[in-house]
């Protein structure tokens, strides 16, 4: 994007009082030259670049994220002869990926498709979709947070919830993306599927539910491979044709692009790294200097970092309980290895261009750029590849046995699924590992870049209070590193990146960040008592809570009791923020309950301490209407804690188990029960 330039054209007013012309002849001449020069520059900059002859691939589907000025998906469908539109609600990219795969497969069934972001479309046009022959709307919708729609599906969700439109004649299907460890499993997809039927729409195929805690990829391919026959039967279409390799983007190598026009890691705006300007968000992150990066663990072989980021001058604001998102970069050695395996010159400047000229999503990531930049900043190279990637990689195998192995793992056969589970998932193989082990598979690097998902920001609970640290954000992060069954050492992308970001003297070390607001909040009345359950790094948001309550006490305000249940392995190894916690206890701000699971013969966890303190917990949440918070592991700890709370409410509150469950749901509705958990 060329920077805008302005010319100060204010003329000096003559000091005399006569009726002289506002602009003299010389002024007019100079102005004409300036205007002419500006017009020449503008027209020249708008000229299309000449494209080298190296470009290839075809694509019958489009990713259509229409602009605000052209948000009619109906017009696009009609203009391009399409009848299938796949909407997605996605927070991390998986929903969008599934939508793209469905639209791409539609060509096999004579249904030309496009992918659409509901946030960028006029969703009231769903009423008109029935006017297109054999039309079908598919919704791939993730449930996010506390049973909420994703950011980009929020307006559609509100519209379908509050509206009372007649959707008779609309053919639809829904696939949901959720996680069974969370209470509101696939709530959004379940509701939308039911609501569309209530509004008169025709369900072409049953609701599909994907569980990210198990194998969402298997859930999706099992659903879609039953979905397509149902669609064919509904529309009277013959079965699918032969599967062919279809490329969505064509390669354009651009060796002559000026260096200042090449993306070097910017998320959206070119030169946004060098020229920072607010507001800062997911598309325009702030480069935050790291002020402190220190180790919290005292021993034990594991690492936990305390990081302090400066947000001074960013105009970003946060509250205790919010999240900070960081954009990591991939390990240089992995990037180099992938380049070698694909026989690529990583410093080649290129663009991947959508073959559908009607699509407003011209590139899968910022282009033009280099392969090195794309693999470092834009693509997820350490993730476990999904089956559709294996299917396309198989076409580049020269060894038939290796080709068959990849094809088998991409199939829906029981043997193929079992092989995918053991060889890919259990072995934690990423794209680099696969190409290392499948030695005859050497795909072109541009196709690899097309196939890999976008590198997503990593979210961390902020472990500080803006009352005490208004221009700093604190982060508490455990370094992820483990040995796989193949003997390789896998490392977490973000924590490895952060571990190496050590401030050195006067030289600033920066990371791109933005703030994400949360519903995880302290009570509006400081005198309200609270219970916090946060083992390990689950302590992070509660450190911010306690800082804030200490700050209020120091100001002379009345603050309710703050009870923290914290757990770790050993007091001598991973008791993080020990001195701070002990100091708050001494000052009377904190009532600390600590469980050290491996400091005695029988393991003790926070769950055990909660059971022992049944009277205290009932007093806080039952008799004094206090707030209850959980932060940490969703799959085990959070479930156990909730079950214990149900038991305490039943015994101490004289409730049935069903009433106790309803009591917790009522607390959730009142924002008195909050969870910040992950799996």
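Just so you know, glycine gets a Cβ as well, placed from its N, Cα and C.
Swiss-Prot lists 90-95, 142-145, 177-186, 212 with the feature FMN binding site. Under the heading NADP(+) binding site, Swiss-Prot lists 302, 537, 597, 598, 603, 604, 605, 606, 607, 640, citing sequence analysis as support. If you look up Swiss-Prot, you'll see 458, 459, 460, 461, 476, 477, 478, 482, 492, 493, 494, 495, 678 marked as FAD binding site. As annotated by Swiss-Prot, domain 'Flavodoxin-like' applies to 84-228. Residues annotated as domain 'FAD-binding FR-type' in Swiss-Prot, with sequence analysis given as evidence: 283-523. The topological domain 'Lumenal' annotation in Swiss-Prot covers 1-21. As annotated by Swiss-Prot, topological domain 'Cytoplasmic' applies to 43-679. Annotation comment: Swiss-Prot describes 22-42 as transmembrane segment, evidence class sequence analysis.
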Spatially closest candidate among 302, 492, 597, 605, the listed binding-site residues, to residue 145 (FMN binding site) (Cα to Cα): 492
Densest Cβ neighbourhood among 182, 678 (binding-site residues), 10 Å radius: 182
Tally of DSSP helical, extended and coil residues in the domain 'Flavodoxin-like' (84-228): 65 helix, 35 strand, 45 coil
142, 478, 494 as binding-site residues, winner by CB count within 10 A: 142
Spatially closest candidate among 93, 179, 458, 476, 478, the listed binding-site residues, to residue 597 (NADP(+) binding site) (Cα to Cα): 478
Rounded to the nearest Å - Cα separation of residue 179 (FMN binding site) and residue 678 (FAD binding site): 10
In three-state DSSP terms, the structure that residue 476 (FAD binding site) belongs to: strand
Cβ neighbour count within 10 Å of residue 597 (NADP(+) binding site): 16
Residue among binding-site residues 142, 302, 603 with Cα closest to the Cα of residue 458 (FAD binding site): 142
Between residue 182 (FMN binding site) and residue 494 (FAD binding site), the C-alpha gap once rounded to whole angstrom: 24
Integer Å distance between the CA atoms belonging to residue 142 (FMN binding site) and residue 476 (FAD binding site): 27
